[in-house]
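To start, the structure under review is shown below, and the notes come after it.
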DNA sequence: GTAGGGTTAG
């Protein structure tokens, strides 16, 4: 055994850590003097070396040293083993730490409370809080007692598994037991609350415990980390004003925000569309001499992409490179996604190629982004080619990869390929998620594969797979669209028996379904019942009702309801406006249709292809050439291309409309644009979700 | 020698 350890040690010495010590021997080190004698050090010497330099150690070396230490008799102190375990834990190689622990126990060494704390933290970080608790109930009971560090890890573990309530219960319990939470405990709980979208609770905790009115004995003096966590959490939930307030408060307390704090605040502001404010804080930060790093640049690049400024985002990428800040895979996938969202698939592809050229590892997210880009513009062959390339790049597809591809395949009607891909999931050891089943159900229904959809649905119901209301929504929508209103109604009635609560989406689907299947009275009855009960309906529900009313010729009623939306604090979407515009056009009320179109533009709601088509159709029908010209111009401004339309062609064909001919030729849709239009229409096809 | 904060995809 000892010789095996010696061999292992000499390998380590040749390989890494020690060789660098030979090159740069530390002054006045007796260990180095030993080493320069070119004899293989004994395990004990090795242990001494390790203890001296464990700060710069890598995981492999730590594991080897650990094994060596296990051979030493008498055993080195437990603290030395803990130190090495701590080093490995810092690298997030939790499985290795657990392995080390078992080796230790196997060698009859008695772990102390720190060993157990490290072990528990590893289990918690791996989302196995149950095993963490098992350690507390087992080893801990025998040897020593858990302390505040133990409980902090357990609280983190519960939060990571989304058991926020349990985490709060544990927090209160330990206070009841007389423990004083440390600043780490507070930070962990705040982070856990913010992670689960409970930033308001975190803020309340901060206010209660931070003031003199708090529970007796409970003191909380937040530090930089606590503030950063709380600010980011609040901003993420759209409570940007509260985040800013806290930002000022911490400054007032003399705690100066650092890069992480600014990043969290700026991220929140960007996500909430408060671009100017974000810029203001960014400038303040730079003025304070804090340099942005790759994470903040990525946040900014995402924000630019989200507001349609991919060119600027691209410029920012170049700027960060110029400034010597290396982009990472997050940065690249963010910008690639920005390009894909604008259908600039070639730019995304070039970036993807650039990553390879620069020697960057292209991770699964990069692949997923590009695959999604290809799916969005209906280039499924390319998407599948990328999928097949992933293996070559040693990149394992995730459930997101499969869900993306399945969605894309169903959208272009490639049901056979979707089916084949689904069976491949098992080969790739990827477990389908409830989203996967939703995509399959939706895909089968939309491609008129009613039998398959029903089969899958019944298999799922029988399999014991926990179906949530979202899945039922897809089935209900499928039934309604397939004209099977009887099945939909029956299933809808049965939801409570299954312990499921219909959501606003469920109700919207049913209202739309009733209208579509000519049960207008039932649709309105459901709508009125919901309104009277105080159930909060959203703009989609109202859009479904408006659409139904318009279709049954109740334009007056629809107009009244539309006007009432504003009182309810609801903001009409492009779909809502298009529905109303369509209603007016169909009834020959072109003036009303047009004024609503102007209104939506004024409100900052961008008209889309469907809006333009509806209006264009209306104005063509009444031969209003000047309006058609105006609309064509507006479309061109928005980079939207008209569909080839017979009536539009007739107007343009008229000799008297030379300017129109010219304009139409300039905006003549190419094959690619026609495909994009088709893709957009499919995406927007009366989707309630 | 153990516990806490900011970035990407469906």
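Yeah, the Cβs are placed from backbone N, Cα and C, and that goes for glycine too.
Going by TrEMBL, these are the annotated features:
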- A:147-181: repeat 'PPR' (REPEAT)
- A:182-216: repeat 'PPR' (REPEAT)
- A:223-257: repeat 'PPR' (REPEAT)
- A:258-292: repeat 'PPR' (REPEAT)
- A:293-327: repeat 'PPR' (REPEAT)
- A:363-397: repeat 'PPR' (REPEAT)
- A:398-432: repeat 'PPR' (REPEAT)
- A:433-467: repeat 'PPR' (REPEAT)
- A:468-502: repeat 'PPR' (REPEAT)
- A:503-537: repeat 'PPR' (REPEAT)
- A:573-607: repeat 'PPR' (REPEAT)
- A:608-642: repeat 'PPR' (REPEAT)
The average per-residue pLDDT within the repeat 'PPR' (A:182-216) comes out at 86
Given the repeat 'PPR' (A:433-467), its same-chain partners at Cβ distance under 8 Å and 6+ residues beyond its ends are 399, 402-403, 406-407, 409-410, 413, 415, 418, 422, 425, 474-475, 477-478, 481-482, 484, 498
Given the repeat 'PPR' (A:223-257), its same-chain partners at Cβ distance under 8 Å and 6+ residues beyond its ends are 183, 186-187, 190-191, 193-195, 197, 199-200, 202-203, 206, 264-265, 267-269, 271-272, 274, 277, 285, 288
Same-chain residues at least 6 beyond the ends of the repeat 'PPR' (A:573-607) with CB under 8 Å of its CB atoms are 539-540, 542-543, 546-547, 549-550, 553, 555, 558-559, 562, 565, 614-615, 617-619, 622, 624, 627, 634, 638, 684
Tertiary contacts of the repeat 'PPR' (A:398-432), defined by C-beta under 8 angstroms and 6+ residue spacing from its ends, are 364, 367-368, 371-372, 374-376, 378, 380, 383-384, 387, 390, 439-440, 442-444, 446-447, 449, 679, 682-683
